[in-house]
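Listed in TrEMBL:
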- 14-31: transmembrane segment (TRANSMEM)
- 327-347: transmembrane segment (TRANSMEM)
- 353-372: transmembrane segment (TRANSMEM)
- 384-406: transmembrane segment (TRANSMEM)
- 426-446: transmembrane segment (TRANSMEM)
- 458-479: transmembrane segment (TRANSMEM)
- 522-540: transmembrane segment (TRANSMEM)
- 883-902: transmembrane segment (TRANSMEM)
- 909-931: transmembrane segment (TRANSMEM)
- 937-959: transmembrane segment (TRANSMEM)
- 979-997: transmembrane segment (TRANSMEM)
- 1003-1025: transmembrane segment (TRANSMEM)
Amino acid sequence: MIRSFITFAVDKPIINHILMAFMLLLSIFAYQDIPKEIFPPSELDQITVTGGYPGASADVLDKMAVKNIEDEMKSISEIDNIDTVIQNGFFTVRADIKPGSDNQLVLGDVKDVIANIRRDLPADMDEPIAKITVHDFPLLLVAISGDVPKRRLLDIAEELKSKLSVYKDLSGITIRGDADDEVLIKIDNEKLTAYGLPKESVYKAIGALSSIFPIGTIEQKGSHLYLSTINGEKSAEALESTFITIAGKRIRIGDIAHVEFGLSESNEISHFNGVQNISININKTKQGNAIALSREIKEMLKEVQKEYKDVVFEAYTDTSIWIKNRLNLVSSNILFGLILVFLALLLSVNYKIALVVSIGIPTSFMITLIAADMIGYSLNMLTLLGALIALGMLVDEAIVVAENIYRHMEMGKSPREAAIDGSLEMFPAVLTATLTTVFAFLPLLILSGEMGMFMKVLPVMISILLLSSLFEAFYFLPLHSKEFFSMKDTKSGHNRSDFWLKLDVLYERLLGRLLKRKKRSLFLLVTFIILSTIGMLGLTKFKLFPEFDSTQIYLNGKIDVNSKLEDTEKVVTEIEKKLLAYYGEGEVSSITSVIGILFNSDQTFETGKNLFHIFINLHEKAPENFFDKYLNPILSLEYDGSDMIRKKKAQEIARETQKDVIEAFREKKLPNGEKLFSEINIFVPQTGIVGHDIEIGLNTVDEKKQLEAIERLKKELKSINGVFDVTDNATEGVQELKLRVNEYGQMLGFNEAYVTAVLKGSFLKGEYGKMFDTKGLIRVRIEDPDKDESMDIESVKLTTPDGRQVVRLDEICDFNYKKSYVKIFKEDGERVRTVIARVESKTILPTEVMAKIKPLLETFEKEGIKVIIKGEEKENKQMKKEMSQAALIAVFLIFISLVWMFNSLVLPLIIVSTIPLSIVGALVGTYIMGINLTMPGVMGMIGLAGVVVNDGLIMLSFIKGSKNQQEMMRKAGHRLRPILLTSITTVLGLSSMIFFASGQALIIQPMAISLGFGIAWATVLNLYYVPLMYAVIYGVGPDGPEEKKEGFSQK
């Protein structure tokens, strides 16, 4: 079958050239269509349940609704990891959907849960909403500013949002600082008392006035008529003149209240470079092409600017610029690697062989690009870096096949016969070599969670590339060999150069000396490798991910929990002024602030009037190394260095800002002596997979013991050098008043529902109806102006339900004051308080910090406090377990492939034994390059297993059956050039990533280092260790077999 396949490829050149042209066309379409982003999505599918009850404390909401929802959701088998955040008046429950589950079925089950508990919720509470979480990808922000009223800015923002909504690949278009139209009726308490009007009656009368009641329909021939009562458009003056009837009295609303038409309170306020504005946050879907979408939106803004000349539109925080620059950098690395590989081939083999082999590389890339688009992958840093890592490996199969075809031509065969016979002869060995490499990377797919989601593109892309290369080597390469090679080339000679002949002599001479004392040589070599590995492991430190430069710095914080949004804005404005004056020009391009929201390092967010988040947007980093300065501008498809003016790394700018600006704010105090900031942090965002360096949860039913444990843990962490920003989420501060109707109140007919209805209008700025205006519905709210100032809640007067008596609130209710948590955090239904901290990795690593605090955590466990390890330490444990499983599966699959090829047990064991011995090369490379061992580095070591055995397979397939040491040396010498060539091309393909990595590419640099240095050392093993091991096991002596060893055969 394989012969027929190759024969068809060789004998049908026109069809195959058309096929290649068609593949080129498809790859161009795929490139235009495929989404482009910095990183692939790493979030698991989730269900989100949101709900709320205005005025309810976090504790009340938990008991009233959340606990029931959590308990019922636990019974759904397809759901995992239920995390809950409850704050005053609002809650969010998030749960991971297990991989492989039907999302819509799970959503249906969750909605059934909500329907079941609905009867236990308050009658006036809206039903909680369940939905599949849509993971958006940031695209850009649009700032709208001008010397016009806020209502005008909001109208323009709404119009722009409407225009943006036509793009199907945009999602999550959010207006920062948005507010709704509302009618606010401010009750005058003194006038109510003068008129003798009970508040509850006033609220009901106004609610009845500002409502829309459907009555029914009249059906008649040719038309339908819908009947309803409606309060139409009215000005504030007209509404104040409207009469209402209360307890038989007709009275104007204006006589007891002041009516205002305006905007509701915003939950967020947006700033750009210190100036308040309205901004639109634009996200894209997973399928959206960031570069194309950004270009189209900016064109739209130019047209919109012509329409609205009284405002200014500015696009900033444009992620497409970062994406384009990062993708250009990696693609130029790939092109540079391709040039190096071609030059290496040109200098090492016949130029026509070099040309035939090099043509196969872009062919493999075309096939892979088409496949990636078909399976829904994006073009991102990891997919391109996977291509870069595989670059050197792609030529291995092609070199072997092309050289063998040429050898058959030297035997006197025609180009056609040589192409078919030479390819067919190498098929078993090349197939096995490709499969062993694929089998080394594919087991990495067992990585679970967000880590697995993030990294899975690497093994998939590398495997697709290698399989594409295998197809190319036995389909297009034989055809190209037939067309490029000629008998004239073989007659002119293909003898090896003097360089290779001299290298062969040196190699055989050294190998011969080792073979004379083969057992001692083997023992010393293995002992040296084992001791070196142990020594390097002692010198190597582990960190989950390497730190990389970014184009943003996050600065966020919290002030007193009882603060208003306006109070937080004043604090942020002061910080902005200091930052803008501190930075000047050259490093920072702009500063964007959002008051009312805080983004965490794991890309989750919190909301609250006392929270703020400042995005410090940096210019692109100026080129530093030789590649970025001189080669990247030439090799990039769309190079734009106009913004590359920043000299310092983001981490350095963050540290300087922390020292020179933030520390002064950290110590700032309020008039009462308390600190202004309960928390203020500055950090450089990374991948977002691991939220915090140190993250430890504590759970116990004894709140006092929990708080004491938190303080002990924070004190211990602060005492460790290199640990900073030690905080927790156990923030108290909201005073809660619990009311209970007493016996006297019950005698008068009061109940909790009646009391709640009256107080809701006074203290909640409650919604009591809706009205129409030209823009649509307007909410009608009633507010008691005295609720936050002079009003004494105990003296609030209520009319009895029968209307006969007026009593004070403290006469009918018992008062119980309690200080409650601002927020309640729960994991799988249990309340957990978490301590978090950051680590200066140059001083100490998270694993070392965890080792130092381990005794304290063990003490907590003995005291009955449940300790929940999260953050990097949790990911480390999971990764070690899954990486070990992946390595075991990889070695097993490689071993089975070799057994299939050799039909032997001993020969595969010789080759597989090189895998653990090659690890020392990766460890030495990590040490030389001055980086920590990371998870990508460990992945590189696992992938190294497949690459290492390829050269071992080449060596062993030739030396097996050697009758004496002289014959073994001669055969091994014949394999010197192929082994060195495949190793050199692989290392050259990785060289730019090993030595010139920058920006986000630093994430994959450890993998390139593990592979590059590991392959270099494995080359030595395959040239010397494999022949020595074979000679010792099979007793190959100077003059022949030393003795026949039972169970071993050279066949």
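Heads up, the Cβ atoms here are built off N, Cα and C, so glycines get one too.
Automated prediction, rather than curation, is the source of TrEMBL annotations.
As the structure is a computational prediction, the values presented were derived from the model and not from experiment.
Segment contact is absent for the transmembrane segment (384-406) and the transmembrane segment (909-931), given fewer than three CB pairs below 8 angstroms at sequence separation of 6 or more. Highlighted: of the candidate stretches 327-347, 458-479, 883-902, 979-997, 883-902 has the greatest count of Cβ pairs under 8 Å to the transmembrane segment (937-959). Here the transmembrane segment (883-902) sits against the transmembrane segment (426-446); at least 3 CB pairs are under 8 Å, leaving out pairs fewer than 6 apart in sequence. Scored by C-beta pairs under 8 angstroms, the transmembrane segment (909-931) has its highest count with 522-540, from the stretches 426-446, 522-540, 979-997. As a quick check, the transmembrane segment (979-997) and the transmembrane segment (1003-1025) clear the bar of 3 or more Cβ pairs under 8 A, pairs 6 or more apart, so the two touch. Listed as Cβ neighbours of the transmembrane segment (522-540) (distance under 8 Å, sequence separation of 6 or more from its ends, same chain) are residues 917, 919-920, 923-924, 926-927, 932-933, 1024-1025, 1028-1029, 1032.
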